[in-house]
Amino acid sequence: MSSVAVLTQESFAEHRSGLVPQQIKVATLNSEEESDPPTYKDAFPPLPEKAACLESAQEPAGAWGNKIRPIKASVITQVFHVPLEERKYKDMNQFGEGEQAKICLEIMQRTGAHLELSLAKDQGLSIMVSGKLDAVMKARKDIVARLQTQASATVAIPKEHHRFVIGKNGEKLQDLELKTATKIQIPRPDDPSNQIKITGTKEGIEKARHEVLLISAEQDERAVERLEVEKAFHPFIAGPYNRLVGEIMQETGTRINIPPPSVNRTEIVFTGEKEQLAQAVARIKKIYEEKKKKTTTIAVEVKKSQHKYVIGPKGNSLQEILERTGVSVEIPPSDSISETVILRGEPEKLGQALTEVYAKANSFTVSSVAAPSWLHRFIIGKKGQNLAKITQQMPKVHIEFTEGEDKITLEGPTEDVSVTQEHIEGMVKDLINRMDYVEINIDHKFHRHLIGKSGANINRIKDQYKVSVRIPPDSEKSNLIRIEGDPQGVQQAKRELLELASRMENERTKDLIIEQRFHRTIIGQKGERIREIRDKFPEVIINFPDPAQKSDIVQLRGPKNEVEKCTKYMQKMVADLVENSYSISVPIFKQFHKNIIGKGGANIKKIREESNTKIDLPAENSNSETIIITGKRANCEAARSRILSIQKDLANIAEVEVSIPAKLHNSLIGTKGRLIRSIMEECGGVHIHFPVEGSGSDTVVIRGPSSDVEKAKKQLLHLAEEKQTKSFTVDIRAKPEYHKFLIGKGGGKIRKVRDSTGARVIFPAAEDKDQDLITIIGKEDAVREAQKELEALIQNLDNVVEDSMLVDPKHHRHFVIRRGQVLREIAEEYGGVMVSFPRSGTQSDKVTLKGAKGCVEAAKKRIQEIIEDLEAQVTLECAIPQKFHRSVMGPKGSRIQQITRDFSVQIKFPDREENPVHSTEPAVQENGDEAGEGREAKDSDPGSPRRCDIIIISGRKEKCEAAKEALEALVPVTVEVEVPFDLHRYVIGQKGSGIRKMMDEFEVNIHVPAPELQSDIIAITGLAANLDRAKAGLLERVKELQAEQEDRALRSFKLSVTVDPKYHPKIIGRKGAVITQIRLEHDVNIQFPDKGDGNQPQDQITITGYEKNTEAARDAILRIVGELEQMVSEDVPLDHRVHARIIGARGKAIRKIMDEFKVDIRFPQSGAPDPNCVTVTGLPENVEEAIDHILNLEEEYLADVVDSEALQVYMKPPVHEEAKAPSRGFVVRDAPWAASSSEKAPDMSSSEEFPSFGAQVAPKTLPWGPKR
């Protein structure tokens, strides 16, 4: 074993040892020349005969071994081998096993088995699995499925045998899949196919196929016989390429199933008719007995690494030896360490077979060359060029580079390997002499910056110094960077990388908090101000957040010192902005605004410049008198003083300061400034200025004409005094349940307190935290009186009393129905008083009330009122057609609930009639029936209302009548509005949005007739109060639509203009810029002819829009055409090698030239007949200037191109490769098989010519006990 990795769940994450080294496979090429082929005797000299030691091949069982029964272990261990050619993950990345490692960890976690992996010399993978039997079997199945390449095969057995393969509840199939590590797919019962598909490894497929055929044979109605034949003699029975057993099956018609070499079974199963089966068994027995007598064995030692050459591709070499010599060659399993190969056959043929075995084993040799792993890439060369030269001369040599190992493995014919080894050793020596490497430590967090965007930095260093730089991936968190190449280049690259890293270590990132409102100002118009900052600090990167993020963080990144300087500079700029953002409002009488502005804005301009402020005046048509000044506080104050002084000079304006306590300012201003505005208007439009809230100042300034100022002052002081006296406050406390009682029904009680005392009583709102607090505000004496009254009421409420009253039992139900709704309302309204009615079933009329004395009395009074209402209750009928009932009720019955509350009545709607459609024809009378018999009198009267239309109202008579009127007012009415039919779809709007909006806005229903009726009448149904508004709204919408129709007709004017198609691209412009400008400027639609349409005139441009606009657009297009017709085109020869430089990155350079000279320059496309021809189009004088300019550029750039090409000749001389001749492979003369060379080539797809038989032999079983 070359390397072993133990995988456990604890250590697996740290396992990065390169368990499966990356193989660098090099395809061999045919040699150009070949010498005469050697003779067979020269290539394979005969070996001296030597007696075989048979004793070593057999191991005697201990005498005591059979007496002791083996103990069955609960934990078992199994070893599986995955050959190189069947490994799924051969090429692993340089940082570990990658996917294979993940898969193994997953298998261990899922199955609970323990895995150990090792790599054999032949690069095969050995996996040892330990654990309980079921865990090992599951792990094995997963390993095969996920780490080994999968093949598939089909086996045909009778359809009726499929169920026996599946077994009860699928158990047999599952067991078979676990045992063979395969996936077996059996067709469904309704599928006529009898093919069973097996997927897995080659060995697993053989085992599964054998087991399926055995199950089928057992169920076969024909005779089945099993014959025990030693495993070693199976190859003789099968014959070379299975021909012998195939002949027997064909001749006898018997199916013979020989276990594959990988299955450790000795019995051969025969299925067929009895007589024919007996013949087949007899023939097989005869062959077996004959071979058992005549054959003998010899054991030879052959290196394990050479076994695969003896086996050959798909066991082909073994079959060849068996065919030519009649000798069976038994190779130990690949997972065995044994190197012993057993030859079994007739004594006289063993010598020849032995010669062939050694010839095949020694036909190839394996050697290695010591070479540091970092030099491997240079030996291989760019795209394998260096190695290709070697493999062209030695095509049979396989060269293998293993990642992480300081050696190169060579495998192939001995002479070729020696020559190749010498060549590679010379290359290694030369590279060691002239190449160097260095490893440097740079913090991994800087690695991605060293690499640069898309590898720009690192690729530049590689190209500049001709070195290879290996940076570990981020996942490794490694700081080690390796530089390889020319010693001088390595040192230069090292110096530059360390300088970059040092610069990055010195770099820092700083977040600066700047209010987002200043970001646009700092950036400036078109980025001018930020460009100045970046020019001042070129090494600092400044990043502003996206405006959508609403972030205040501005990020600075760069060298520490520069970042600090830039931070201070920007902070100073922000401080200036903050200072300059102070704003004050100055009210100035409207008639003086023009004097403040001055002639041509002279006055205001002077104030702005001298005070360094921004002054905004209201628009002329605005009613506002306020002038806003923005800038530094001191400057704003100075500008305000100057503006006020202008106003003072112009008119008799007085200014008075009044001292009013700051706490009264808000109450004087009033809600949204209404109170102070009324004083200002009443006193001739004076200006009253209060100090900023929170400043603590008591000074209020009044400005205006002297007489008005005095009047305003008096009013303001009087109001302040009044507010002062009325702002006395007292807080009292009462339980929240008392509040409703204190307020009284409809606020009656609290209104009495307010009226008698003049004080305001404020109860807490639902969202207030302190629900006990009641606040009284007003004059002191009024507040004290109200406090006294309320405290007396609260004290009475705190005195709980119990009282009773008599209520007729017939009324009890009214109080307790709907879960005592009436009683709950009484309790809420009267301070939580408890009312207890006697139990149902008892005839008692005593009702008990418990609570505060006042509450109890009020509750008794309320109950008495309810009883009186019940006794005075009448029932009224209100006839409203049933179709209007839903509309009358309103959403969720809200309208009816409102009427019930307002009039204290009960309203009951009739049940809905199942079939509301009634025939207008008279009912047909049967013989013997009299008119009206069996019907109610009202039903027989056609004028009487239907039962389903009658709504019952219960309550006091006067309230019932009022409720009836209210109900009738809710009956919807319909009006018809005439709207032209062609406007209906616009009234409805997209997906009904228009009509839905009107219905919601006016609370009506609008019915538009169906399109097929072609009717102009739209019906509006709703409450009479809403109909007028809805009708007016609909007619207004019709007017709007008619105006839009007229506008559409005017906009649809079309105009055609004839323009030569060659000018169309110029009129359209780059990305449609020119034509878009014309469209937007003239508000028109411009349509160019479709190039693919042959029927359409190609010179007609159609313009659609208002007539005046289309004519203006036409004139604009014709002006462009006029300019284009004056233009000329000239071809100029320009060396194609400089085209790219003249065009520039993304065409920037050529666009600059075209804009500068106002010309169009067209370069030839790839594949053009003349690659140097460039066309310049424009006005004659512009074309000449542009041509002169680009010819000067050509001369300048061409000098650089010539120098560069001359340098390339020396740096990269041309490589001349000779023609490669096809390889003939390895050829010898006078070989034993030359006689059969005339036979046709073997068929690779034939299982007979390329079987898997004979590749391995079953391991010998040893008795339990100590090894001897």
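Glycine is no exception: its Cβ is also placed from the backbone N, Cα and C atoms.
It is 1237-1268, from the ranges 245-276, 501-532, 1237-1268, that Swiss-Prot records as region 'Disordered'. The Cβ neighbour count for Thr296 (phosphothreonine), using a 10 Å radius and every protein chain shown, is 12. Within 10 Å of the Cα of Ser317 (phosphoserine), not one of the modified residues from the list Thr295, Tyr437, Ser645, Lys991 places its own Cα. A 10 Å cutoff on Cβ-Cβ distances gives Lys991 (N6-acetyllysine) a total of 7 other Cβ atoms nearby, all chains included. Across the fold, the C-alpha of Thr296 (phosphothreonine) and the C-alpha of Tyr437 (phosphotyrosine) stand 61 Å from each other. Residue pair Ser645 (phosphoserine) / Thr295 (phosphothreonine) shows a Cα separation of 135 Å. Counting in whole angstrom, Tyr437 (phosphotyrosine) lies 75 from Lys991 (N6-acetyllysine) by their C-alpha atoms. Under a cutoff of 8 A between CB atoms, and with a sequence separation of 6+ in the same chain, the neighbours of Thr295 (phosphothreonine) are Phe236, Arg344, Gly345, Glu346. DSSP assigns Thr296 (phosphothreonine) to a strand in the three-state reduction.
Its own atom aside, the Cβ of Tyr437 (phosphotyrosine) has 16 Cβ atoms within 10 angstroms in the protein chains shown. The modified residues Ser317, Ser645 differ in how many other CB atoms lie within 10 Å of their CB, and the one with the most is Ser317. Broken down with DSSP, the domain 'KH 9' (735-807) shows 40 helix, 16 strand, 17 coil.
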